[in-house]
Amino acid sequence: PTQVNFNSPRKFGTTLKSKCKETFFPDDPFRQFKNEKPLGKAKKTLQYFVPIFEWLPQYNLKMFRFDLLAGITITTLAIPQGISYAKLAEIPPIIGLYSSFVPALVYAILGSSKHVAVGTVAACSLLIADTIGSKVSSKDDPTLYLHLVFTAAFITGVFQAALGFLRLGILVDFLSHSTITGFMGGTAIIICLQQLKGLLGVSHFTTKTDVVSVLHAVFKNRNEWKWETAVVGMAFLVFLLFTRYLGQRKPKLFWVSAMAPMVVVVLGCLLAYFTRDRKYSIRTVGNLHKGLNPISIKYLNFDAEYLPSTLKAGIITGVIALAEGIAIGRSFAIMNNEQVDGNKEMVAFGFMNIVGSCFSCYLTTGPFSKTAVNYNSGCKTAASNLVMAIGMMLTLLFLAPLFSYTPLVALSAIIMSAMLGLIKYEEAYHLFKVDKFDFCICLAAFFGVALISMDMGLMISVGLALLRALLYVARPAACKLGKLPDSTLYRDTEQYAEASGPPGILAIQLGSPIYYAYGNYIRERILRWIRNDEGNGKAVKHVLLDLTGVTSIDTTGIETLAEVLRMLEVKHIKMKIVNPRLEVFEKMMKSKFVDKIGEESIFLCMEDADEASYDFSVTTEKQGFEEQRSGVA
């Protein structure tokens, strides 16, 4: 058999460098700088940190035609969505338009995704209103409230950029797919219910977000219901849902569903304008001033009284925005067999929100609806965001007052139609079929958001996901191995009933790192397998531990193996180690465990260990038989 490599362990500096590289740079971003001259490295560095310099030199008129079409299309979607989601965040509608101008310019320069179209999102808008609104009322003190919203966006930007620069994108991974599915579904439900205020024309409403409070407010104020507003709202909603259904059934007609919100706004403006002096007039968003984004850096408020609320809003919405934006960017990149660097996207989103907060914008990310329209429109680069920014600039300079007549009921219909698409019934059913615990995590997020609050629902779901991770840590994967007939392969005996080992040999595979948290479990599990075999009349003479799946081990883990070795020696059972990984083997050598077990008890593969154990057993039996014969003689 091939000999095991017993070379001296690596130095601490080498090990630390390797660990840091795998933790913070798993995608090896520095590979492109190898074998480059100083000028080439400077150029590559600039392209890496400012992606516009990567695609701009290859940009041509043909690509611009596609980006121009995509940019115009997402602009028509950005206007109604911007006004709608600003209403959801309880800030002036013009802020929603501002938030699709400056951030889009920043992302066009720093964004690494070709398909992401930036803008505001409903879930974060509502979460901002809920968190900051609990400290300062948007009605009692709208100016202070708006300044705190800008401050929360600034904190979000700093947080996102810091995560990107420090390569800590792993933190966003704690928002599992099941958590996001449940959170978005629950958020969609409460947002839809809140839009009943605009759909029914109700004036007085609750500031709470849970389902019970919202429904109580709707029926408590039923004397304020206006059937005219309800009819108009339902007509708009049916139209929007029909166009979305048409776009899903016939992908070539995607532009119909993309233009539908703008059509609703235009029709609503005309209806509101011609009925403005009548008895049954429709409530509108009010005056929208011409002009580009005013500077708001001087309004950022870091007063200790309000800082906890802005920090909470900034960090929670920052994590959600990152999880949504990066996941969406990667999803559309995969369709084109491309990759998106999550850490670079974090930096882009971070600077987008930092700069935006200084120019009267609130939180922006990569919303699914706008990105899907951008992708289906055939965008080729991030220049589509640049086109959208120019379109929004022209709108702010010349067309903003025209949208002053936008009916609130039209905005409610637009929001409801968008939110209904976030309730993933099929995805929840898929989780139920595949993994019941994932389904429970999804339900915890859904009902937590719907019945308690958005932040509590999110925390409950993340807590359950972490509990599951801890259970995986506390009860690592381990299985009993057997050799498949007419083969050299060793596999799990539960999965392959025909797999078996030679008499007297117990082969066990440990499939995860060995840490202090489950040292006792591993010891008890090995002893239980021995007891089970002995209870079935199979005397165990050798225990083979396959450590191929053990990527790391701590001192407690090594002590556990040493304790198991001592317990087995008492029972006259030999223990052998199979294929320990580099880091694990180095720690075994440093801790003198290799000296305790002996170099002859460490093997490269299970077959070698199996054969050595079998040969040892045969030799021992022969020696015992000869000793018996000589004793009789």
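Backbone N, Cα and C define each Cβ position, glycine as well.
Per TrEMBL, these features apply:
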type: TRANSMEM; residues: 63-79; note: transmembrane segment
type: TRANSMEM; residues: 91-110; note: transmembrane segment
type: TRANSMEM; residues: 116-133; note: transmembrane segment
type: TRANSMEM; residues: 145-168; note: transmembrane segment
type: TRANSMEM; residues: 174-193; note: transmembrane segment
type: TRANSMEM; residues: 229-247; note: transmembrane segment
type: TRANSMEM; residues: 253-274; note: transmembrane segment
type: TRANSMEM; residues: 313-334; note: transmembrane segment
type: TRANSMEM; residues: 346-365; note: transmembrane segment
type: TRANSMEM; residues: 409-425; note: transmembrane segment
type: TRANSMEM; residues: 437-467; note: transmembrane segment
type: DOMAIN; residues: 495-613; note: domain 'STAS'
Winner by Cβ pairs under 8 Å against the transmembrane segment (91-110), considering only 63-79, 253-274, 346-365: 346-365
Winner by Cβ pairs under 8 Å against the transmembrane segment (437-467), considering only 229-247, 313-334, 346-365, 409-425: 313-334
Closest-packing stretch to the transmembrane segment (229-247), where packing means Cβ pairs under 8 Å, from 63-79, 174-193, 253-274, 346-365: 253-274
Range from 145-168, 313-334, 346-365, 409-425 with the greatest count of C-beta pairs under 8 A to the transmembrane segment (174-193): 409-425
The transmembrane segment (346-365) in contact with the transmembrane segment (253-274), cutoff 8 A, at least 3 CB pairs, sep 6+: no
Among the ranges 63-79, 313-334, 409-425, the one whose Cβ pairs under 8 Å to the transmembrane segment (145-168) are most numerous: 313-334
Long-range Cβ neighbours of the transmembrane segment (409-425) (under 8 Å; 6 or more residues past either end): 80-81, 83-85, 87-88, 122, 181, 184-185, 187-189, 191-192, 195-199, 201, 229, 232-233, 236-237, 240-241, 244, 261, 264-265, 267-268, 282-283, 285, 369
Confidence summary for the domain 'STAS' (495-613), mean pLDDT rounded: 87
Number of helical, extended and coil residues in the domain 'STAS' (495-613), per DSSP: 61 helix, 21 strand, 37 coil
